[in-house]
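Chemist: The compositional bias 'Low complexity' annotation in TrEMBL covers 1-20, 79-88. If you look up TrEMBL, you'll see 24-61, 89-103 marked as compositional bias 'Basic and acidic residues'. Residues or ranges marked as compositional bias 'Pro residues' in TrEMBL: 106-117. Annotated domain 'Fibronectin type-III' per TrEMBL: 126-224, 325-420, in sequence order. The feature domain 'Ig-like' is assigned by TrEMBL to 228-316, 438-522. Annotated region 'Disordered' per TrEMBL: 1-128, in sequence order.
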Amino acid sequence: MTGKTAPAAAKKAPASKKAPAPAPKEEPAHTPKEEPAHTPKEGPAHTPKEEPAHTPKEEHAPAPAAETPPAPEHPPDAEQPAAPASEHAPAHEAEATPAHEEGSPPAAPAEAPAPQPEPEKPKEEPPSIPLSLAVEEVTENSVTLTWKAPEQTGKSSLDGYVVEICKDGSTDWTAVNKAPFLSTRYKIQDLGSGEKVHVRVKAISASGTSVPATLEQPILIREITDLPRIRLPRQLRQVYVRHVGEAVNLLIPFQGKPQPQVTWTKDNQPLDTSRVNIRNTDKDTIFFIRTAQRSDSGKYQLAVRINGAEDKAVLDIRVIELPGPPQNLKLVDVWGFNVALEWSPPADNGNSEIKGYTVQKSDKKSGKWFTVLERCTRTSCTISDLIIGNTYSFRVFSENACGLSETAAVASGVAHIKKTKTVYQPQKIPERDMMEPPKFTQPLTDRATTRGYSTHLFCSVRGFPQPKIIWMKNKMEIREDPKYIAMIEQGVCSLEIRKPSPFDAGVYTCKAVNPLGEASVDCKLDVKMPK
C-alpha cells in the first residue's frame, strides 16, 4: 500500500513547493470523520521515512489513503493525528494545502499574512474643569467673571481659557474671546440691557478641552443701583494739620453705582485749580496740594451724587507755621535776688494755638543764655535764685504745635542784683547764775595692780568756777613727783602711777576746791608682787 501511494505524493511535491504559504481558510482539509476507515495509525510513522526530502510544511501535507482511486475529490488528511507531536501543529494545520480536484489547475500561491496593527498610545487627558466660577460685577451692558485655574492641566501646559455665552432660551453657545487667554478674570462687554445670558468657561491645552464650568443661573444684565456713601478715613474726621511747605495728599474712598458724580468746594466756593489738584475714579477721589500754604487752610466740602441721591463730607484742613515772638516784654520789679517779668501774646500765632512760652536769662559776665522756664502758660512770671552782684538780661519765646518762634522778645532793661548791707544784732539773752560748788559725778574705784605695771585712777567732777584738783596719798598731798602725772580735761580727772611698787599702795584721795566749797573722793590701791 505504501508503494502505490508514493508516486502520488511525488507528483504533489512540486505543488507544495510553489505554495509555501498557508492555504486559504476557505478550503480546509477534511476531518477524519469523512473517512474513518482509511486513517491507519501507522501513517504518521511511515510518512517521514518515505518523504525525507520534504520541507516541514510538506510533512504535514495530506496524503491519500491506499484504497482510494488515483484522483480522489477530497483526499483525507492522513497526517492529522500526528499534529500534536509538533509545537507548531495548530499553525501547520491552518497552513496545510488541501488536495485539488482531478483535472483542476495547480493552486495559486496564497497571499502573505497582513501585518498586525501597532498598539495605540494612551491619549493625554485634557485639563480638568475650571473652579469657582463667579460673577464679580454686572453693569447695564457688561458682566465681569472670575474663576480659579483647574486642579489638573495634564502633561502639556495650559494654553488659556475660552469664555462662551448663550442667551436664555437658546442652545447656541458663542465664544466671546477670539483667542485663549491665561487670565482668570474676564469682562464680557457689549451686552444688551435686560438680557439674560448663560456663561461658561473652558480650559484649553494641547491635549484637549476641559469640561466647561457653567453658572447654574442665567445673569440678568442690568445696572445694580447702590446709594452713594463716602467712607471718610478716621484721621480726616478731625482737624487735619499740616506744616507750611508740606504736601497734602488725601485719598477718600466712596461707593455707589452707577459711577457717582464727585464735587469739591472750599467754603462753598469752587476750588482754586491752580492750588488744588483733584483726581476721581469710580471708587475714590484724591485731593492733592503739592506745597501747602497758610491760605490753603479752611473747610473743604466733598459731595457724591447719583441721580438725586447725595452724600456729603467736610474736611477741616489747617496749615500751620512757627508763631511770632511775644510782644511788650518788660521788667516789672527787681527785689533781692528775684525778678518779675510781663509780656503780651504774639501778633501771629502761626495759625495754631499758643501752647506756652519759654523764658531764658543771660548774665553779663558769661553772655550765655540759659532756660529758666518752659511751657509757661501765663504771660507773666517770677524768676528767683539770681546771684547777688550780677546783671541779667531776659528774653521770651512763644511756642505752638509747630515749635518755638524763630525770634524772641528781649527785655529792654537789665536787672542788677545789688548787694545789701546787713548789720548783725545779736539776740540779748538774760544772764543766768551758773555758780556751783564742786560735785563729783563719778567717784574713784578701788584698784589692784601688779608691781612694775603702770595704772590709772579716774573720776569726774563739775562746778563753777572750775574747781582746783588736789591729789593726796594717805592724806598727804602729792606734789611735783615724776612718778605721778595728774591731768584734768572736760571735768574728767586722772592720776597715772608709773611702775608702782608695794610702797605705792595705799589710799588715794581726789579733792576739788572752788570759792563755793570743796568735795573729795577716795579709793584704795593694792600692788601685788608678780609670781
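Every residue, even glycine, has its Cβ placed from backbone N, Cα and C.
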Chemist: How do the residues of the domain 'Ig-like' (438-522) split into helix, strand and coil according to DSSP?
Modeler: 3 helix, 54 strand, 28 coil
Chemist: Mind checking how the domain 'Fibronectin type-III' (126-224) divides into helix, strand and coil residues in DSSP?
Modeler: 0 helix, 47 strand, 52 coil
Chemist: Please list the DSSP helix, strand and coil residue counts for the domain 'Ig-like' (228-316).
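Modeler: The breakdown for the domain 'Ig-like' (228-316) reads 6 helix, 52 strand, 31 coil.
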